[in-house]
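Database features, via TrEMBL:
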DOMAIN    37-278  domain 'ABC transporter'
TRANSMEM  374-393  transmembrane segment
TRANSMEM  399-420  transmembrane segment
TRANSMEM  441-464  transmembrane segment
TRANSMEM  476-497  transmembrane segment
TRANSMEM  504-526  transmembrane segment
TRANSMEM  592-612  transmembrane segment
Amino acid sequence: MELPETSSLVSQKSLTTTDYGSSKRSFITSKVQNAPLTFQNLSVFFEKNHKCILNDVYGFIRPGELVALMGSSGAGKTTLLNSLMYRNLKGLVVQGDILVDGTHIGKEISEMCGYIQQDELFLPSLTVKEHLTIQAKLRLPHFSSVKQQSRVNGVMRELGLLKCQNTLIGSADNKKGISGGEAKRLAFASELLNNPSILFCDEPTTGLDSFMAESVIQTLKKLTENGRTVICTIHQPSSQIYFQFDKVYFLANGRIAYYGEPKDAVTHFKSLGYACPENYNPADMIIEKLSMVFGENSAAKYAEIEKICDAFNESEQSKNIIKDIESVECKNFVVPKKKIANTFVQISTIFQRSIRDTWRNPHLAKAKLAQKSIMGLFIGFLYFQIVMDGIGINNINGGLYYIVAELTYATLFGIVTCLPSEFNLLVREYHDGMYSVFSYYVARCLAYAPLFSIDGFVMVTLAYWLMGLAPTINNYLWAIVIQILIEQSSAAFGICLGTCSPSYAFAVSLAGPLVTILTITGGLFANVSTLPFYATWLTYISWFKHGFEALSINQWTGAADINNGCITDNCLTPNQILHYYSFDETNFSKDIISLILIIGGFYIVGFFGLLYRVNRAR
């Protein structure tokens, strides 16, 4: 059989000219720390049922090699990839030796490697350059701002991202944004900022057309020119892509079926009686022979695959691999430690990113401001300049309570919607060592605070003066303070639910009943003095109750000032109105303090809930 040409649809020249860099020594071919990666007697099984995933696999990977891990679904490709870099191994037990330059370095291998996962996770509201600039600040804190920007410009130039540097990344839900190939190269660029010695890629060509897939492999091939090792899993590569790899590693039923050069794989399987037909993709043929079938012939197929694996283990090629592994001398390899940004840099950088994301989100920022403006006008005109009589007092109290409810519901469900969407990104960046959960949490909460204050400010301001509430500036300013505390209480509760809940659906299903309970016990629908003993405690953690009471005290004590202590012609006093709801004028300071404590309490619970979930997601 005549082997296909290894030339690519994307010429090598195109990778060294305008789009992917200059002909001079480029950043992605700059020197890295070279060291062979070896693994032997490597077995992986589930901790609970001891089901084997990888069974005594081994390998020797030289610096500067592009290696493909291949096999059918369930063969163990991704497990082997994760085992080599000690990631995503929750519930698994790993046994065997994984050495870098003959040295056991364990989880420290993450300090010298980059990991490009199958799914690209970006904030769609950022541009390509903004994303990389933020990544550089977090990944390269020891660099000056000028050097960070130089590194960003370098990787964009080398990976052909300059033309889209000011384009929003976008998402699958939003058609506006960069292409799939550009998104994949952006993922490469993010990892290359650290100039890693080993680069792991999980299915880098998935979802790309044949041209873009080959372009991505050409990029990976170029990354090995400086001695960088690139190891990737790949599913059904074309013949052109297949022959571009330096080595291919075929897995079947958790065992090694072949490891060596792509062209030698064709010869090896031919010697076993599996000749590749002419004009047929060797990768497809080999994977087909190594794939299990389920049914009447499953036992025979399993035995056939085991025979193929046994044949390779007994081959001269396998023995040479073992010799290479054993020939590596232990040199006490020292892994260079990654520099970690200090807490202030982490918080300030994530805050900048979060602010941009929040205010560029049309479903959040613009929608909330429009909604609150409409609701402020609606409430204001519904209770427009109410006459201070018995009916008017009831209407104003109803209006005040509705303000509390509107500040709560829109804020709560708006924030619960946002947080779960970022969880996977948080987990990935946290385990990449970019920042702590504490830094992310503080920055994200601070970024939400302005939006979930300004929209309420607009609504309350419109409603306040249209309704004709207590007319002094002092009362108006206190109303704004109370509005901010109510809205921040709701935001803190939403963040607490969002971080502690395993999914958005669970958080929403839990939020509805809980807020309903707080609404009923807030002081309007049921007098707080008549609540049964088992419900009284709810008033202490209810921002409905404290917010409504504070607004009522602020309103009626202020209204009394203009009528010599009387509110109606019958001289109804503030205390009489407040006592009707079992409120007390002296509770104003307590209500303010209680709202502050509620905010702090929910934020603290939310942080520990998020910390627990992130650590479990490893």
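Indices start at 1 and increase along the chain as displayed.
Cβ atoms here come from the backbone N, Cα and C positions, even for glycine.
Curation plays no part in TrEMBL annotations; they are all automatic predictions.
A contact links the transmembrane segment (476-497) to the transmembrane segment (592-612), because at least 3 Cβ pairs that are 6 or more residues apart lie under 8 A. Across the candidate stretches 374-393, 399-420, 441-464, 504-526, the maximum count of CB pairs under 8 A to the transmembrane segment (592-612) is reached by 441-464.
Relative to the transmembrane segment (399-420), the listed stretch 504-526 leads the set 374-393, 441-464, 504-526 in CB pairs under 8 A. Beyond the ends of the transmembrane segment (504-526), by six or more residues, the same chain brings 397-398, 401, 404-405, 408-409, 412-413, 416-417, 420-421, 494, 497-498, 535, 538-539, 542-545, 548-549, 581-583 to within a C-beta distance below 8 angstroms of the stretch. Across the domain 'ABC transporter' (37-278), the prediction's mean pLDDT works out to 89.
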